[in-house]
Amino acid sequence: MLKSEMNIADFDADLWQAMQDEVERQEQHIELIASENYTSPRVMQAQGSQLTNKYAEGYPHKRYYGGCEFVDKVEDLAIERAKELFGAKYANVQPHSGSQANTAAFMAMMEAGDTFLGMSLAHGGHLTHGSGVNFSGKLYNAVSYGLDESTGEIDYAEVEKLAQEHKPKVIVAGFSAYSGIVDWAKFREIADKVDAYLMVDMAHVAGLVAAGVYPNPVPYAHVVTTTTHKTLAGPRGGLIISGSDDEKLHKKLNSAVFPGNQGGPLCHVIAGKAVAFQEALQPEFKDYQKQVLVNANAMVKTMQARGYKIVSNGTQNHLFLVDLIDKDITGKDADAALGNAFITVNKNAVPNDPRSPFVTSGLRLGTPAITRRGFKEAEAEQVANWICDVLDDIADESKINQVREQVKALCAKFPVYG
């Protein structure tokens, strides 16, 4: 018999210790991985609820199981809030991840072997935008576009040239490591010229879009996909939305999610999404996203003043790439040194990177998490200076130790969950 007082600590000490160690790491380390964030206790309450027990294959009011009247209500709330948040006419909240949202979108708009355009992984795209090791590059004919080397911005002329040459079924706009503002209207213009669908993957900027501080792709794209974590700060999961009136496309999208590539939805995660969407509709969420941008720019300016090269010479969103080629530092070594200083980053390829993806010559930094715990410009500048202190001599253990103690002291002043 199950008892409400059951807990992990008393039953599985090894697992509990690992969980507590991760809690301590999150509290004591500065999180600068651009795709990570801290979700709210309300979201975690939803994810730890008894909704996890319910199987609900199908969609609200059209289920294959009984007893779904309350999870129907939960999913309806999530759908309506997602539509309100992004100005969409359609939403599917069931994808378990951004990658599965992309998989479903591809299935709805293409057949195996069809051609699509996507941003090159080496220039800031995502695995699901056509990488040869991913389903998107294996099942479909992926053609990659990249950045204009002189500006560090998307090469729209190349996108149009490739579109005219290959006549793709779908053009994918979106990124995992691009610090500029994407011209969604230009992408739609190119897509219309070749009678292609425009799909936007806004996983990285969804929170910024929701707050109105980054252009909304919904009015331009046929289909928009996103994760619900990252800047949106919700549970780990995916979402598909559309501003289109094309009900045939909506039905294809629903069928591609279920039964196309998923079975039962995760009702507890959908509840977490509903909570996160409600949080994102509040005025303070816009203030948060504005500060994310301010903090990112403060870090960029500080690092540039210290002699570090920033790809595209700045940022217009929550992330930026540090090019370490001229410093003769690998991204792998920089990642490790900063990790020892309790500053968590991720190594990342930069344009024309001479090193392998496992080594790289750059770092990707983002400010959603530090802003979520209350950092403002002064703290962002301080963190940027600490990064430079470590990178100036990554073999200096005394400097790393000094920065680590400073990081721990700052984190103690700004607890993630106060």
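Glycine too: its Cβ is placed from the backbone N, Cα and C atoms.
As recorded in Swiss-Prot, the features of this protein are as follows:
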- LEU121, GLY125, HIS126, LEU127, SER356, PRO357, PHE358: (6S)-5,6,7,8-tetrahydrofolate binding site (BINDING)
- LYS230: N6-(pyridoxal phosphate)lysine (MOD_RES)
- HIS229: site 'Plays an important role in substrate specificity' (SITE)
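Known features from Swiss-Prot, placed on the structure.
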residue: LEU121; record: (6S)-5,6,7,8-tetrahydrofolate binding site; DSSP (3 states): helix
residue: HIS126; record: (6S)-5,6,7,8-tetrahydrofolate binding site; DSSP (3 states): coil
residue: HIS229; record: site 'Plays an important role in substrate specificity'; DSSP (3 states): coil
residue: SER356; record: (6S)-5,6,7,8-tetrahydrofolate binding site; DSSP (3 states): coil
Give the residue from the binding-site residues LEU121, LEU127 that has the most other Cβ atoms within 10 Å of its Cβ, counting over every protein chain displayed. LEU121
What is the total of other Cβ atoms whose distance to the Cβ of PHE358 ((6S)-5,6,7,8-tetrahydrofolate binding site) is within 10 Å? 9
Between the binding-site residues GLY125, PRO357, the one whose Cβ has the fewest other Cβ atoms within 10 Å is PRO357
Expressed in angstrom and rounded to a whole number, the (6S)-5,6,7,8-tetrahydrofolate site built from LEU121, GLY125, HIS126, LEU127, SER356, PRO357, PHE358 spans a maximum Cα-Cα distance of 16
What does the structure give for the C-alpha distance between LYS230 (N6-(pyridoxal phosphate)lysine) and HIS126 ((6S)-5,6,7,8-tetrahydrofolate binding site)? Integer Å is fine. 14
What is the separation, in Å, between the Cα atoms of LEU121 ((6S)-5,6,7,8-tetrahydrofolate binding site) and HIS229 (site 'Plays an important role in substrate specificity')? 21
What is the number of other Cβ atoms found within 10 Å of the Cβ of SER356 ((6S)-5,6,7,8-tetrahydrofolate binding site)? 11
Fewest Cβ neighbours within 10 Å, where candidates are the recorded positions HIS126, HIS229: HIS126
